[in-house]
Each structure stands twice: as structure tokens, then as C-alpha cells.
Amino acid sequence: MSNNSLLRPSTFLLTGMPGMEGGNMWIAVPFCSMYVISILGNSMILLVIKADHSLHKPMYLFLSMLAATELGVSLSTLPTVLSVLLFDSQEIEMNACLAQMFFIHCFSIMDSGVLWAMAFDRFVAIYNPLQYASVLTNPRIGLIGLGLVVRSIGLLVPLPILLIRLPFCRSRVLAHSFCLHPNLIQLPCADVQANSMYGLFVLLVTFGLDLLFIVLSYVVIIKTVLSIASKEERLKALNTCVSHICAVLIYYIPMIGLSLVHRFGKHASPVIHFLMANIYLLVPPVLNPVIYSMKTKQIRRGICKLL
């Protein structure tokens with residue numbers, strides 16, 4: 001084998017559930033079910049909002065953005081996850097791996113940004129309801145969506161460029177059945193401090209700032225709600241935030257857990273890495289359509305009409 005092939009592997013090896021290499025088919029059934037629910041659920045929300053012009057309002061337009069980004073996350077991981085679990089096909093070319101890494105992280109950052117935009121929507125609706133329609137106009141919502149896309153792509157373009165220049169002479173085996181940046185930077189046999197620092201910078205200016213703005217928005221929302229005299233009005237105002245709060249919790253809790261495991265849990269069981277990564281990338285796209293369908297009467301009615 002040539003030195004060049006040692007330094008720049010043409011393929012990486014993906015892994016399924018650790019310790020169950022011979023029984024991946026059993027794991028494939030729940031995974032396939034989750035992908036079906038995610039793709040159908042998010043597609044249904046997009047179709048309902050597109051078909052019903054009465055839903056072309058800020059809250060539902062942001063919800064359609066959330067459905068689109070979560071559809072992107074699911075479709076980014078689906079090919080390799082199912083190829084590993086169904087066909088035991090573990091090899092992935094380096095360029096394909098870097099492309100998958102880019103799209104997974106890109107859609108994840110967009111997802112986080114949309115959750116912040118939805119918090120801003122609830123903040124304006126409760127804090128300044130009289131100016132809600134004039135602040136969140138359709139052109140401004142479009143600009144917010146475009147800004148989130150530009151932010152994600154602009155920040156993530158350097159990641160594959162920084163990785164592809166590194167020599168890989170350690171194990172080619174990845175910890176997951178898809179490619180993630182924190183996993184890939186553990187494999188080169190060179191100084192990866194620049195990659196690690198840039199990855200941390202991206203994490204802080206996207207997920208970190210988004211979460212900070214979401215928390216600040218809800219601090220103001222809660223203060224505003226508590227100042228409302230009527231108990232019924234307070235409950236009504238808070239009820240409009242329940243679905244979004246659930247979406248934030250099921251997104252950020254697994255994401256923070258996965259980040260901590262990658263950075264501080266290098267000696268943790270491979271099963272922990274597998275479960276945290278899959279919970280982070282699969283559970284929010286599955287649960288959010290269910291939550292919004294149950295909690296939002298207009299979406300529920302639209303789905304019934306569509307069916």
C-alpha cells in the first residue's frame with residue numbers, strides 16, 4: 001500500500017449499533033419507521049401550509065421552514081444509515097463523507113436558526129401584538145430565511161476544506177452510520193487544533209447565540225404574560241408557545257448531550273455515542289410534526305382535509 005493511500009484514504013468505514021453487527025436488521029425496523037414518520041410528517045406540514053392561504057402567516061411560514069430543514073436533516077442521514085443497517089454496506093468515499101457532513105451540519109444550523117426565528121415570532125406576538133403584522137411582513141420573513149441559509153453555508157464551507165488537507169493515518173472507522181465533524185477530526189495524524197477551534201467557533205456563534213436569544217425572548221415573554229391581569233388571557237398566551245418550547249427542548253437537550261460526549265466522553269461506551277447522535281438527528285424531525293399536528297388546530301384540520 002502506498003504512503004499516499006495511507007495518508008489520504010479514499011474511503012471511511014461507517015458503523016451500526018456497536019455489539020450488534022450481526023443483528024442490524026432488528027435495529028433497521030425502528031429506524032425505517034422513524035424515517036417514514038419524519039419524511040411523511042414534515043412533507044405533510046409543508047403541503048398543508050402551501051395549500052391553505054389562510055396559513056400564510058408568520059407563525060406558519062416559520063413552521064414550514066422548520067419542516068423543510070428537518071426534512072433536509074433526515075434526507076442527509078437516510079442513505080448511509082439504511083445502507084449500513086439494511087445492506088451492511090459500510091464503506092463511504094471521502095468526498096461523499098465530507099459532503100454528507102456538510103449537509104447534516106448545514107441543515108442542523110438552519111434548524112437552530114429557525115427555532116430562534118420562531119421564538120422571535122412569539123416574542124413580537126405577545127410583547128407587541130399591535131405591531132405584529134407590520135414587523136413580521138412576508139418580505140422580512142423571506143429575508144430571515146435567506147439570512148439563515150447564507151449563515152449556515154458561509155460558516156460551514158471551511159470545514160471540509162480544512163479537513164481534506166489533513167493526513168489520515170489512524171483508523172478509518174467512524175463512530176456512527178453517518179459523517180459528523182467532531183468524529184472526523186479525531187482521525188487525522190496531524191495537528192487538528194485549527195479544525196477543533198473553528199468547529200467550536202461555529203458551535204458558539206450558531207447554536208450558542210440562537211439558544212441565548214431564545215432564552216432571552218422567553219424571559220421577556222414570561223414577564224409580559226405575568227403582567228396580564230386576566231388568568232384566561234395569560235394561559236391563552238402561554239399556550240401559543242407550548243409547541244415551540246417542546247421543539248426547543250427536544251432539539252437542544254440531545255445536541256448539548258452529543259457535544260459533551262464528543263468533547264469530554266472519549267472513553268465513553270460506543271453505544272452512548274451511537275445513541276446520542278441518532279437521538280439528536282432523528283428524534284426532533286419525528287416528534288415535531290406530531291407535536292405541531294396535535295397542538296395546532298389549523299394544521300390538524302389541514303391534514304384531515306389533505307387526507
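The first residue you see is number 1, and the count goes up from there.
Backbone N, Cα and C define each Cβ position, glycine as well.
Curation does not apply to TrEMBL; its annotations are automatic.
In TrEMBL this protein carries:
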{"type": "DOMAIN", "residues": "41-292", "note": "domain 'G-protein coupled receptors family 1 profile'"}
{"type": "TRANSMEM", "residues": "25-49", "note": "transmembrane segment"}
{"type": "TRANSMEM", "residues": "61-87", "note": "transmembrane segment"}
{"type": "TRANSMEM", "residues": "99-120", "note": "transmembrane segment"}
{"type": "TRANSMEM", "residues": "141-164", "note": "transmembrane segment"}
{"type": "TRANSMEM", "residues": "197-221", "note": "transmembrane segment"}
{"type": "TRANSMEM", "residues": "242-265", "note": "transmembrane segment"}
{"type": "TRANSMEM", "residues": "271-291", "note": "transmembrane segment"}
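Remote same-chain partners of the transmembrane segment (99-120), defined as residues 6 or more beyond its termini with a Cβ less than 8 Å from a stretch Cβ, comprise 59, 62-63, 65-66, 69-70, 72-73, 76-77, 79-80, 92, 144-145, 148-149, 151-153, 155-157, 159-160, 178-181, 184, 202, 206-207, 210-211, 213-214, 217-218, 244, 247-248, 251-252, 255, 281, 284. Within its own chain, the transmembrane segment (141-164) is flanked in space by residues 58, 61-62, 65, 94, 98-99, 101-102, 105-107, 109-110, 113-114, 117, 181, 184-185, 188, 194-195, 198-199, 202, 205-206, which lie at least six positions past its ends and keep a Cβ under 8 Å from the stretch.
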